[in-house]
Amino acid sequence: MASFQDRAQHTIAQLDKELSKYPVLNNLERQTSVPKVYVILGLGGIYTFLVFFNIAGQLLVNLAGFILPTYYSLDALFSAGKADDTQWLTYWVVYAFFTVVESAISAPYWFPFYYIFKFALVLWLALPQTNGAQIVFKSLVQPLVGRYFTGGSTSANLRAQADAATKSQ
């Protein structure tokens, strides 16, 4: 069984390999002589510290929920496929839903360390590997507002017919 140090070194090596794909980070490493892995881990640590102690927590978490999803949404709009369009449209609907609920109940006032939990939620919602936005949409948003859209929507009717056809088989 590998020791913790061996596993940490392996993870750092994998992260370094992944970060090597970005020329900006390679240039930064050459200019500063600081390994790009340590720069990213340091910035991530500072970011987490600021969010944890709510030093601009709202701004930092909203940036996390906005910058990367916006990039991927624009990428999806310029791609030929439609699956990624649906994924990011679902993300934005769920993100907007949570933003409205957050404002309505003054969540940061009532929940300690709210922005740490929101950051984890935003990551879970946004990462395609987790399908968080689709899970929340199908289990929470769709039951609440779906009945207002299914009757007149052609895509909803087609979706219902496809679901019925797959269930009958």
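In case you wondered, yes, glycine gets a Cβ from its N, Cα and C as well.
Pulled from Swiss-Prot, these are the features on record:
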TOPO_DOM  1-35  topological domain 'Cytoplasmic'
TOPO_DOM  77-88  topological domain 'Cytoplasmic'
TOPO_DOM  125-169  topological domain 'Cytoplasmic'
TRANSMEM  36-55  transmembrane segment
TRANSMEM  57-76  transmembrane segment
TRANSMEM  89-103  transmembrane segment
TRANSMEM  106-124  transmembrane segment
Tertiary contacts of the topological domain 'Cytoplasmic' (77-88) (same chain, 6+ residues out, Cβ under 8 Å): 69, 128, 133-134
Residues of the topological domain 'Cytoplasmic' (1-35) by DSSP state, where helix covers H, G and I: 26 helix, 0 strand, 9 coil
Surrounding residues of the topological domain 'Cytoplasmic' (1-35) on its own chain - C-beta under 8 Å, 6+ positions past either end: none
Helix, strand and coil totals (DSSP H, G, I; E, B; other) for the topological domain 'Cytoplasmic' (77-88): 7 helix, 0 strand, 5 coil
